[in-house]
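Copied over from TrEMBL, here are the features:
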type     : residues : note
DOMAIN   : 9-252    : domain 'Nodulin-like'
TRANSMEM : 68-90    : transmembrane segment
TRANSMEM : 102-125  : transmembrane segment
TRANSMEM : 168-193  : transmembrane segment
TRANSMEM : 205-225  : transmembrane segment
TRANSMEM : 237-254  : transmembrane segment
DOMAIN   : 308-515  : domain 'NFD4 C-terminal'
TRANSMEM : 321-339  : transmembrane segment
TRANSMEM : 351-371  : transmembrane segment
TRANSMEM : 392-408  : transmembrane segment
TRANSMEM : 414-440  : transmembrane segment
TRANSMEM : 452-471  : transmembrane segment
TRANSMEM : 491-510  : transmembrane segment
Amino acid sequence: MSSSPSSAHWLSLVGSIWLQTINGPNADFPVYSSQLKDLKHISQVQLNFLAFASDAGKLFGWFSGVAALYLPLWLVAFVGAAFGLVGYGVQYLFLDSAGLRYWHLFLLTSLAGNGICWINTVCYLLCIRNFGSSSRVAVSLATSYLGLSAKVYTSLADSIPGLANSKAKAYLLLNAVVPMLVTVVVAPSLRVVDLTSAASTDAAFLVMFAITLATGACAVVGSIGSTSNGLSSREHMVSLGVLLATPILIPLALRIRESLNKIRETKRENRIHDLGTDDADAIERAVTIDIADGESKEGDSAAEKPREEVGGLRLLRKLDFWLYFFSYMFSGTLGLVFLNNLGQIAESRRLAQTSTLVSLSSSFGFFGRLLPSFLDYYSAKSGYSISRTGSMASLMAPMAGAFFLLLYPGDLFLYLSTAVIGTCTGAITSVAVSATSELFGTKNFGVNHNVVVTNIPVGSLCFGYFAAYLYQRGARGSHRCIGAGCYQETFVVWGATCAVGTLLCAVLYARSRSFAGRLPAAAGGAVRTSCLARLANLVS
């Protein structure tokens, strides 16, 4: 009899989903970056460093992994939300003041960026510890909602009256307040619960997939049809909000089922008691022994066994780590840099609706992050485990092609490439969470993954500065660069870099492919049959 996630586990997943939905406040930066540049009189290079500042906070993200070893997870989440509240809140309060200097903006944005790492660590650990052999599916489901962050924040800014006057201040206010409010709501659910339930939750996963697909479809429809203002915008936000709230029905339904099962179990125990003490003791011993053996065997078969548990400085001495580090930087991180520059890219091509482009990238990023959870769920059913490094390599190739497609100046190519890059970037960042545990084990995951994602600030600085330098050179002393040529060289270099990343990840896959393949057959079915046979013999 196998252990399955109960209502308490699913409640923690719903809490993680809601946290992930609002844990990308930096994703809306392209929407108000141009206004911020004008308001604070800064150059494109300085603006790029502000985009980098949020990623720079990830350099110290490993602190959150260490904190999670000693502090309750709800407190770790509160620390992350507090960093965001201070980082964006101070900017909101003093944005119009001359006393708020550029270096203040940089430090405050870095603090808020570090807060993102703390909340992410909580969500990853909850999914891994609470869902056992289904942890890959749970992680992919939760992280998929991070792709919706930009969409949620742009929809809120468009639908709430009074926030449209100043884009920069509106987004800074939302970035500061929303994560803290959501953390307060979900804090009671942020706890690790032992797997003790025997009831299957396959149906719960299927319902969750349906809800998630509906949410993504709503986001895409709202992005593509975004002529939104006034009432239509508010209606879209309400429908999106209802879909985001719907997952709470799953733990509620499971809780009702558990209560009914408990009532039936009590009645069954009373009937067994009437059989006589000796027979009841014999049945209890048989069930206990068989179930214990079954759970042991099934747990052994379901557990993923990496080559070894790696942590600390040993991680940095592994060739696989550096292949993983640079292949991630040349793909997922490069995609994030592209998304950070969407505002300036749209402006250079004279595209009026920057928020529409950002919403589009966010919506397709959501589906990209969701894709691995589908593959994991159905591959596990067929007895196979998909290599995470192989998945990453297959996602990098179309991403490299999309960068070269951007060399064509038409708006259609911009929208198409943004959708492809958003999808691939979302999928890679989602797959990478499980790839870290696949390559280096789960024991030191909290620290290891935060070490891996230090590639994001490094890549953001290098690729972002390169793009800003070429943009500034194309502006020829002006404040803005207009025309397809502003990012022409940048797209060529980014496409070539992504192609190199594909090659590095293919090498990593060749070295690590033994971690994936045929899963051992679960022994649960045979054990359950044996248990029932013994019960029948005893009763007869």
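Note that Cβ sites are derived from N, Cα and C of the backbone, with glycine treated the same way.
For the transmembrane segment (351-371), same-chain residues at least 6 beyond its ends with a Cβ under 8 Å from one of its own Cβ atoms are 27-28, 30-31, 34, 140-141, 143-151, 154-155, 158, 212-213, 215-216, 219-220, 222-224, 226, 339, 342-343, 411, 414-415, 418-430.
Within its own chain, the transmembrane segment (168-193) is flanked in space by residues 6, 8-9, 11-12, 14-16, 18-19, 21-23, 25-26, 28, 31-32, 35-36, 39, 72-74, 77-78, 80-82, 84-85, 87-89, 91-92, 95, 112, 115, 119, 122, 125-126, 129-130, 153, 156-157, 160, which lie at least six positions past its ends and keep a Cβ under 8 Å from the stretch.
Counting residues 6+ beyond its ends, the transmembrane segment (205-225) has Cβ neighbours under 8 Å at 134, 137, 141, 144-145, 148, 151, 155, 236, 239-240, 243-244, 246-247, 250, 356, 359-360, 362-364, 366-367, 370, 373-374, 377 in the same chain.
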